[in-house]
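Beneath this line is the structure, given in structure tokens, with notes to follow.
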Amino acid sequence: MLEEEYTLDYFRSEGFERKVCKSCGAAFWTRDPEQEFCGDAPCVTYNFIGNPVFKPHNVSEMREAFLSFFERHGHTRLERYPVAARWRDDIYLTIASIADFQPFVTSGVVPPPANPLTISQPCIRLNDLDSVGRSGRHLTLFEMMAHHAFNTPEEQIYWKDQTVALCDEFIKSIGGDPARVSYKEHPWYGGGNAGASVEVLIGGLEVATLVFMNLGRQKTDQPPVDVNGVPYYPMRLNIVDTGYGLERLVWASKGSPTIYDAVFPEMVSRLMRSARLEDLLDNPEFTKIMGLSARFAGVMDISGTNLYNLRRKVAEAIDVPVERLERIVVPIEKVYSIADHTRCLAYMLGDCIVPSNVREGYLARLVLRRTLRMMNDLSMDDALTDLIEAQMQVVGAENFEQDVDAVREIVENEEARYASTLERGARIVQKIARNYRAKSSRVPLEEVITLYDSHGIPPEMVKEVAAAEGAVVEIPDNFYSLIAETHSEAQKEARGEDPLDAYRERAVSLPPTKKLYYELPNEVEFEAMVLDYFDGMAVLDQTLFYPEGGGQPSDTGTLVTSESMVRVEEVVKLGEVILHRVTGGPLMRGDRVKGMVDEERRWSLMRHHTATHVLLHAAQQVLGVHVHQAGAQKGSEVSRLDIRHYRHITPDELRRIELEANRLVMADTPVYIHVEERTKAEQKYGFGLYQGGVPPGREIRTVQVGADVQACAGTHVRTTGEIGPIRVLGVEHIQDGVERLVFAAGIAAVHAVQHLGDLLQESADMVSVQPENLPATVARFFSEWKEQKKEIERLQKKVVDLEMQNLDGEVVDGVRVVVRTLDATHKELVALATTVADEGGVALFASSDGTVKVVATSGAPTVNAVDIVREVCGILGGKGGGKPNLAQGAGPDASRLEEALEYGRNRIIEALHGE
């Protein structure tokens, strides 16, 4: 990026010089004329360890110092956003403070919530997960303290000079010496934007980055700027995007050996006691080694590195044998990681992320299980639930949406799942390891990743179990980082060929369709003009027909002209133009038409859509605030609502959800629909608005049903009373962490109840009792059936015993061989054949009731029952399989049964003779 981007009046007036680092070659600005290095690791080592560069601050003190400083300088303080980025459809977790305002504020679609503003935003980045605890500086969750200004041609807030001046002044306000600060030039790009930036360095540590975002990928009439080989174009907005690392500032203010000692002093001490490592804290050698190790490890890149080689370099640098270094630091690294991970989990679960196998839930489970593994390695006394609760209390439990008790239940549920995974995982890995060992090949990394993604089996367990089976597995030191990186961004669903694509160009040339279904949602008749007609698609100037969208099917109905009538089968939206797929005859441009919407279907869809909102609210009331919509599909007869929940919904909870929903219906609460500016709606209602996805645009349409408010484009009833009864027909566990509620509303619910009543009456009639007596009668019948089943089994055993007395067979080389056709059930065939094999013999039995069933058993090592059954069934036109001692099969050709059994007998005799 051009030098003039960084040649600031402030740098000139304050006596800065621009230099080039002798180590990395990057340009930087400094007040020190003798400085030769940029001041960033690895060009220099950390020199603040044991030598703090700021006045001592804990986390709360440093956060308040920053926010109040910028408030004094005209910035509005904002409350933090959730760590679950529910206002974004491209990422799952909040990764930076600027992510709070992407994409709509940064693109200029909506105004910022304040301008200028300051915020301390908890962020989660898992791309360096394996470095946490090892490097002394990496965290999964960190607070990015920031001040942002959004400059437009009409309103200039401030730009580069004032941003750097504010940075200098803030550093001075917390006891730092601005003369020790270097500003390193570093062009920034990401998320489709770019700009000049400077890294703020002091004591060898980067404590902040000041980004001046003024470029975007969107092509404009301005000449492009090359950033890392990619053309970017000047934006209308010039955005000050700063990020100050709260934890790094605290670390530099304390000069502790690691960032973990500075940020989590009480938690680290607690974990050391829990792991029975507290004696190390009083060991001078330990303190020395940890301090030196942190100082030197800090200048090395942990990610993707061979960890042993890195430790060897650190050991050489501090003159300690590498084995001794590992014995000391590995348990402590796990303590540090647990301290970090439990705080990360406190935010994840406290902000209502539900652990699962998908989306942000996958990432929460990844961190949670990694924490459990390390706690198991250290045989810790503390429970994970207690540690996460302690971290929530440090932050302030009132700052989380989810309550502590629910978080504890979620964690306990996950611990039980993890234990179950470990129990069954060993068997799965053993089978795979034996397979690769037999092929004399290593277990590939792809297999290890699949085992983790599909079964939740940790790589450490894979390596351990595989080694016991004689198979080799190599796990990269950054395994968890690789896994997290592949799951951190939302994957765009693969889209097949859209049949509407052929019409896009034509639709763009047409005026927007007036949406009468919003203005007059309860009307079913309207008049309009045909603007275009092609391929059975009619475009009107206005319409009452609702197009498919948001999980709601389209309206259907008719269009009538003076000469003809056509049927509207489907309605779709293409941009701002609505297309009606019609059958029954062509329409002409300019035709006046009368549209008639199928009233019963329209009302049923409206009832079901509003009922979806009601049911979601009821589920949150019963199950907890963590419940979020994972999907929905409305129908005119039956609808479904998928919700995120950490365990199966019980029958009692299902009844309570249904009752809660119907109470809201009976309250006959008005349904309020408004079009609101996005920023104001988010501030008023929170990000629970986006249950059904994130709509584009400056304004969003909000639908309020009781206490539930969502951004929604669907059609709705006027009051909850118009929904009519809501009947939950069932619940399905469709995937880990997602439950599906199947329901009906209005007349459809009445039909569903009537159908269930009919089934009940039919069942009662079948046993000649009144419906109210059916449960007791069924219980009695079931009890009698169980007794009769026992008696049948007793008699069957007696039959088998009697049959056995008549199955003499023949003896071949001392082995009893019985080959016979029997009039017996399949179960009886197996029982008889097994009895022969248990006595060391060989049996081949068949029965025929149209299809021939074949069973073979072998108690002789030279006779393989599978081979016999496959060949016999092959003659019968079928196939079979099983194990060497018991095999089963079938074939349709009963006419060749005698031939097949004779062939089988001969094969058995040959095997016994060793032929």
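Using the three backbone atoms N, Cα and C, a Cβ is placed for every residue, glycine included.
What Swiss-Prot says about this protein:
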{"type": "BINDING", "residues": "His609, His613, Cys712, His716", "note": "Zn(2+) binding site"}
Review point. Per residue, counting other C-beta atoms within 10 angstroms of the C-beta, which of the binding-site residues His609, His613, His716 reaches the highest number?
Key: His613
Exercise for review: May I ask you to report the DSSP-based helix, strand or coil state of His609 (Zn(2+) binding site)?
Suggested key: helix
Check your understanding: Hey, what's the Cβ neighbour count for Cys712 (Zn(2+) binding site) at 10 Å?
Key -> 25
Review point. Once His609, His613, Cys712, His716 are set aside, which residues in the chain still have Cβ within 8 Å of the Cβ centroid of the Zn(2+) site?
Key: Thr610, Thr612, Val671, Val703, Val705, Gln710, Gly714, Thr715
